[in-house]
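Let me begin by presenting the structure, written as C-alpha cells, before commenting on it.
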Amino acid sequence: ELEESEKFYVGQPRVLLLIYALYNTLVARSEMVCYFVIILNHMISASMITLVLPILIFLWAMLSVPRPSKRFWMTAIVYTEVAIVIKYFFQFGFFPWNKHVDYTKDKPYHPPNIIGIEKKEGYVHYDLVQLLALFFHRSILKCHGLWDEDEKGDSSSNKEDTDDELSLPGGRRDSSASLKSVNLAASVESIHVHFPEQQTAIRRKSSSSISQLSHRSSFSSHRSKRGKSIRTKDWSLCSPVKDIFKNISHTTLSLYFLLCKLCAMKSRCGPCCFRTLQVYVPIRQFFYNLIHPDYSAVTDVYVLMFLADTVDFIIIVFGFWAFGKHSAAADITSSLSEDQVPEAFLVMVLIQFGTMVVDRALYLKKTVMGKVIFQVILVFGIHFWMFFILPGVTERKFSQNTVAQLWYFVKCVYFGLSAYQIRCGYPTRVLGNFLTKSYNYVNLFLFQGFRLVPFLTELRAVMDWVWTDTTLSLSSWICVEDIYAHIFILKCWRESEKRYPQPRGQKKKKVVKYGMGGMIIVLLICIVWFPLLFMSLIKSVAGITNKPLDVSITITLGGYQPIFTMSAQQNQLKSLDPNEFNEFLRSYSGNTAALQFLEGYAREDITRADLEGNSNSLWTISPPSRQKMIQGLQDFDADFTLVISWTIQRTLEEVYPYYIKAPSDSLAKPIKQLLRGMSPDHGKQSMWENITVSLVKNTSEEWWVLNQLGKRQKTPQESLELFIFSDKVSPPSLGFLAGYGIMGLYASVVLVIGKFVREFFSGISHSIMFEELPNVDRILKLCTDIFLVRETGELELEEDLYAKLIFLYRSPETMIKWTREKT
C-alpha cells in the first residue's frame, strides 16, 4: 500500500506536486508564518495593542530553546482574542472620538490612534488572519504531540526529582515558580559534577521543549553511568577554579531567591512580593539559562545580520526623506549638492553605523551576555523610535510611511537573526573573511570588490585588532591580513588554472584574446574620451530647454540716474515660428561664423523679447545733476559711458545688442558672431542696432522714451526687440557630473582611473617573486594557522608563526621551496 501510495503521489501533475510542497513548507515553518503575520499586522496597524506581540517574539519566542513554549502560544492566542474584542467594543459611535473620524484619522498622536481603538474600516481583518495563523500552528503542534509536552515534562520531573527540590510550606508546589537546588551537604566536587545534569533538566522543563522521554533519559543516563563519574569528577578537579565558583554562585543565588520567597510570604506585603518574585524569578532564570547554556549548537549568522544592516543603511540613504519633516519631495543628491546635511538623515545614518560597529565588536568578543543586552536595548529602542518618535517628526502615521515600513521589516529580519545567534551561541573560532571560504571566480570577484570599498578593509582590520586577543602590533596585524588577502587571490587564480588548463605550446584562442583584450581596449578608450563625449552629448541629446522668464534692459548715461528701465515677461517673450526661424537662418547665409554658431541651437532655444519703448520708471534727477548732464551733452568731444562696458556716442549709434546668449551660468553676453556682418567695402563691420532716445514731459513729470530703428517685427509704437539664445542645461540627475566641466572630469575621473590602471601595467617586475607562485597552499595554511592559534589563546605560538611568515617573505630561496608543486 505504501508503494502504491508513493506511485500515486509521483504520478500527480507537477502543479499539484508544487502545491503539496508549498503546503509542506508552510507546515514545517508554521511558527515563522505566525511571526510574519504578527509583524505584518503591527506594520499596518502600528498601535500599542499590536506592539506587545512583536516585542514578545524577539525577546521570548525566538530566544526559547529549542522552540517557543506552549505558554507563549497561549499568551499570543488569548492576547489576540482580547485585542479583537477591545477593537470591536470601541467601534460604536457613541464614543466621543468616533464622531470626528475623518478629522482625526491621519493625526499620529491622537490617543485612540496610538492605542489602536480608533474607528475604521477593516479594523479586525489582520487580527483575524493572525488568530487563524496561531490556531493553524497549534493544530500542527497537536498533530506532532508537542502541544501538551509541558505538563508531561513537569509531572515527570516532579515525580522523579522530589528529593532534590524544596517544596513550599504546606505541601504547596508551584512548578513555574519553584527553584532547583542541590544538596547542601554535598562536596564542592559533587556540586560541580552533578549540577549541570540537574540544571539541564531545569532548563528543558522551563523552556517546555523536550518530551517526557527526554527528561527520563537524561536522569536514567545519569544513574546508569555512575561508573564513569570518577572520570568526570577527575576532569572537574582539573578544570579552572572559575568554573567551580560559577556553579557555586548559581547555587547560592538559587537559595537566596528561595529564602526571599519564604520571607516575602511571612511579611506584611507578602502577597505582593510573592507575585513580584513569581514574575521576576522565571524571567531571570530564562535569561540566565540563555547566557550560560549547558549545551549549545554554535552557529554563525553574522554575515546575514551584516547584510540586513547594510540593506537598512541603503534604505536610509536613498529614502531618507521618509524620516524627516516636510521632506517628501527632497532627495539626498540635491541636499548634498547644496552642502546641507539633513539632521534626520545624519542621526539615522550614525545610529545605523554605530549598531553595525557594536555588533561587530560583540561578534569578535563572542559575548552572549552583551548580545542579549544589546538585543533588549535595540528591540525597545527601535520600536519606541519608529512608532512614537518618528510619526511626530514626519507628521504622518507609521502605516502611511512606506519607506519606514520597509526599513522596520528588514530590521525585524535582523532581530530574528540576532535571536537565533543568541540561542545557538557564538562560534568558537572566527577565522578569516566569509568570502574566502571557497576558491572560485565568484568569491574572487566579491572579495576584490569588498577590498575596493573605501576604508572598509582598513576599518575592519582595525576593529578586529582592537577586539581580538593577540600579541601582534597593529602594523603586524595589517601585514598578516594583507598577505592572507594576496595569497587568497593567488589561490583562486591557481584553482582556475587547474579547472581550465591551457595546453603547453598552444597559442591563446581568439575568443580569449578578443574577449578579454578587446573589452579592455574598449574600456580604456571609453575612459579617455568619456569627458568629451559626455559634455557634448549631455546637452545636445539629453539637454533641457531653459527659456528665459524675465528680460530686463537698463540704460544709464554717464553715471547719472538711469534713464531707461524696462522688462519683458510672459506674453512679451515669444518663440519663433518655423517661417520666422527659416527667414532668420537665411539672413545669415553668407556668414560662416554665424552659421557655425547657429548649428548648436534649435528653434525652441530662441526667444524674442518685445520691450516697451516707454520706461517703466519716472526719471528722477536733481536739478544740479540735470544741468551738469546737459553741459556734458553739449560738449561734442565728450563720451558718455553706459553701465555695461561699451562706450556710446551722443547720437547712440550701434549701441543696442540685438542678440543675447543666455548660458547655463548667470552671465549673459552679446553674440558677436551674429552682430558682425560682411561688407564689400569695409570687410567685417558691426551690426549693433541704433536706438533713439527722447525725453517726454508733461505738466509735472518726465520720462525717457527709447525706440529701436532696425526691428524684424515692424511696429509703429516705440519699442525694443531682443533675441535670446538659451543654452540647454543638463538634466538634474546628471548635474553633479556636468557641473565639473570637461577639465574637471578629466582631473577627477580620467586621471584617477589612469593612476590605478598605470599601477596595474607598471611595476610588475618588482613583484614577480610574490606574484608568480605556483602553489600557495603551504602559505595559505600558515596564515590559517595564525588565525587558529590566536583564537585558541596560544599567543606565544602566534608570535612564532608570524615570525616564520615574515622570514618566508624575506627569503626568496625559502619561498621557492615552499611554493613548489607537490610531487
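Indices start at 1 and increase along the chain as displayed.
Keep in mind that glycine also has a Cβ here, set from the backbone N, Cα and C atoms.
Within the domain 'Piezo transmembrane helical unit' (28-148), the DSSP-based counts of helix, strand and coil residues read 82 helix, 0 strand, 39 coil. Look at TrEMBL and you will find 28-148 tagged as domain 'Piezo transmembrane helical unit'.
For 33-60 (among others), the entry in TrEMBL reads transmembrane segment.
Annotation comment: TrEMBL describes 72-90 (among others) as transmembrane segment.
For 149-176 (among others), the entry in TrEMBL reads region 'Disordered'.
The region 'Disordered' annotation in TrEMBL covers 199-226 (among others).
The feature compositional bias 'Low complexity' is assigned by TrEMBL to 207-221.
Residues or ranges marked as domain 'Piezo THU9 and anchor' by TrEMBL: 299-536.
The transmembrane segment annotation in TrEMBL covers 301-324 (among others).
The transmembrane segment annotation in TrEMBL covers 344-363 (among others).
The feature transmembrane segment is assigned by TrEMBL to 372-394 (among others).
Residues 35, 39, 43, 54, 58, 62-65, 290, 293, 296-302, 304-305, 308-309, 311-312, 315-316, 319, 363, 366-368, 371-372, 375, 378-379, 382, 386, 398 of the same chain, all 6+ positions outside the transmembrane segment (406-426), place their C-beta atoms under 8 angstroms from a C-beta of that stretch. Sequence annotations record features per position, and here TrEMBL assigns transmembrane segment to 406-426 (among others).
The transmembrane segment annotation in TrEMBL covers 438-454 (among others). Outside the transmembrane segment (438-454), and at least 6 residues removed from its termini, the chain residues within Cβ reach (under 8 Å) are 485, 488-489, 491-493, 495-496.
The transmembrane segment annotation in TrEMBL covers 474-493 (among others). Residues 432, 436, 439-441, 443-444, 447-448, 451, 457, 461-462, 464-465, 770-771, 773, 776-777, 779-780, 783, 786, 802, 805-806, 809 of the same chain, all 6+ positions outside the transmembrane segment (474-493), place their C-beta atoms under 8 angstroms from a C-beta of that stretch.
The transmembrane segment annotation in TrEMBL covers 514-538 (among others).
Among the features that TrEMBL reports, domain 'Piezo non-specific cation channel cap' is placed at 651-821. On the 0 to 100 pLDDT scale, the model's mean across the domain 'Piezo non-specific cation channel cap' (651-821) is 75.
Residues annotated as transmembrane segment in TrEMBL: 734-757 (among others).
Non-local neighbours of the transmembrane segment (33-60) in the same chain are 26, 68, 72, 75-76, 79-80, 83, 86-87, 113-117, 126-127, 129-130, 133-134, 136-137, 286, 375-376, 379-380, 383, 387, 397-399, 405, 408-409, 412, 415-416, 418-419; each lies 6+ residues outside the stretch with a CB under 8 Å from one of its CB atoms.
Beyond the ends of the transmembrane segment (372-394), by six or more residues, the same chain brings 46, 51, 54-55, 58-59, 108-109, 114, 287, 290-291, 322-325, 344, 355, 358-359, 362, 401, 404, 408, 411, 415, 418-419, 422 to within a C-beta distance below 8 angstroms of the stretch.
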